[in-house]
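Everything below concerns the one structure shown next.
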Amino acid sequence: MVRTLLIDNIGELTTNDETLGSGLGGRLSDAAVLIEGERIAWVGSAAQAPTADERIDAEGRALLPGWVDSHTHMVFAGDRTAEFEARMAGEAYAAGGINVTVNATRAASDAELEANLARLVGEARRDGTTTMETKTGYGLTVADEVRSARVAATQADAVTFLGAHVVPAGVDAAAYLDLVTGEMLDAVAPLVSAVDVFCESGAFDEAQTRRILETATAKGLATRVHGNQLGHGPGTQLAVEHGSLSVDHLGFLTDDDIAALAGSWGEDARGTVATVLPACDLSTRMPLAPARKLIDAGAVVAIASNCNPGTSYTSSMGFCVATAVLQMGLTVQEAVRAATLGGAIALGMHEDGWIDPRGSLQARVGVVSPGALADLQLLNAPSVTHLAYRPGMRLTEAVWKAGTRVA
Ligand SMILES: N=CN[C@@H](CCC(=O)O)C(=O)O
Ligand SMILES: [Zn+2]
């Protein structure tokens, strides 16, 4: 028999399913959620809650979907404290810093990479993250990229190949492009669900990005782009033209870029998610992505942590949500939705039937709705508004991933 758990007496429930509750976020008050095994079985008013094998009294607190962090770089070794210090003293961030982490990652053992990833995933779980994408990109040889993808697949929910992070030091750019679109991609393809490219000066230009995206698509892989991070460039337009799942960073957008992102969503075709990375913008002292303008224009926005040792050494989605509200001008409901359902759409996990890196078929995430995976977080607060009203406080009190309590 599959065990059932009732979370009862929920003061405010954010479902992200507007057929279940009111307003953006589909909110219910005085609610209850029934979990059966890995999935949500029932959502409704506490007064009508069914019985269950086990019951948790939420005592009027807020329950919402676990965070869906759709952009991280968590397979690495070492840190870049000195680079951060120099940046805070006025130096600009440059893509070349990536090579410092590449050297440390290549020198680390598999066990060290796995332990570091486990540490980071543990931190993220305690802060409410239940779904996490992570990228390769600090190996940059065939063997090191395959190893990074293998390590990532042990713990992440989606693994993205980022061989096109930078051209590694001492390697000819044209030869590296051949490798990334040839032997390296072939070796990594069975281990990943998407290919990413850092389209930026100091990394990959328009023609190189186009070639990487086209090759990935020809191999049946989804694509993503790191675009418009350090200055205005072609990344956003390329991602939209190409039908990439998301384009991430977006600190330097024109009105045309914003219109292209908004216009990519049609009646019957999915578009490109605009993923903003507030912690990264702060940590690099770059302009905040125009999340308010993107939402007003009709774009689908996700918020992610971009956890990595160079530009954003935090996995705290609560911090990202608070920043999006306090500094990017989003409402709390918009930010929470972007950090849950928005991330799920960016990963193609908002519908049933996605396949995790261990080969299992999974139900949708990012919503609290019957049939969805039971990925939930309970706040030590009566409402999600406290995430921005009480910035910096650790408000996540309990976390369930696929029905199992993980924090
Ligand atoms: N922009 C490219 N990649 C990472 C930074 C990686 C690094 O500096 O180590 C990012 O998303 O910010
Ligand atoms: Zn990134």
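Backbone N, Cα and C atoms are what each Cβ position is placed from, and that goes for glycine too.
Averaged across the domain 'Amidohydrolase-related' (63-390), pLDDT in this predicted model comes to 98. Among the features that TrEMBL reports, domain 'Amidohydrolase-related' is placed at 63-390.
The Zn(2+) binding site annotation in TrEMBL covers His71, His73, His226, Asn306. In three-state terms derived from DSSP, His71 (Zn(2+) binding site) belongs to neither a helical nor a strand segment and is classed as coil.
Residues or ranges marked as Fe(3+) binding site in TrEMBL: His71, His73, His226, Asn306. The local packing around His71 (Zn(2+) binding site), expressed as other Cβ atoms within 10 Å of its Cβ over all shown chains, amounts to 30.
Taking all protein chains in view, 26 other C-beta atoms sit within 10 angstroms of the C-beta of Gln229 (4-imidazolone-5-propanoate binding site). For Arg80, Tyr138, His165, Gln229, Thr311, the entry in TrEMBL reads 4-imidazolone-5-propanoate binding site.
According to DSSP, Tyr138 (4-imidazolone-5-propanoate binding site) sits in a coil region rather than a helix or strand. Positions annotated as N-formimidoyl-L-glutamate binding site by TrEMBL: Tyr138, Asn308, Gly310.
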Residues close to Fe(3+) site centre defined by His71, His73, His226, Asn306, Cβ within 8 Å: Thr72, Lys135, Asp196, Asp248, His249, Leu277, Cys280, Ala304, Asn308, Thr311, Ser312
Most Cβ neighbours inside 10 Å, all chains, among the binding-site residues His73, Arg80, His165, His226: His226
Protein Cβ atoms within 10 Å of Gly310 (N-formimidoyl-L-glutamate binding site), excluding its own: 24
Cβ neighbours of Asn306 (Zn(2+) binding site) where a neighbour is any other Cβ within 10 Å: 30
In sequence order, those binding-site residues of Arg80, Asn306, Thr311 whose CB lies under 6 Å from ligand 2: Asn306
Sorted by sequence, non-Tyr138, Asn308, Gly310 residues with Cβ within 8 Å of centre, N-formimidoyl-L-glutamate: His73, Phe76, Arg80, Ile98, Thr101, Gly137, Pro309, Thr311
C-beta crowding around Thr311 (4-imidazolone-5-propanoate binding site), within 10 angstroms: 26
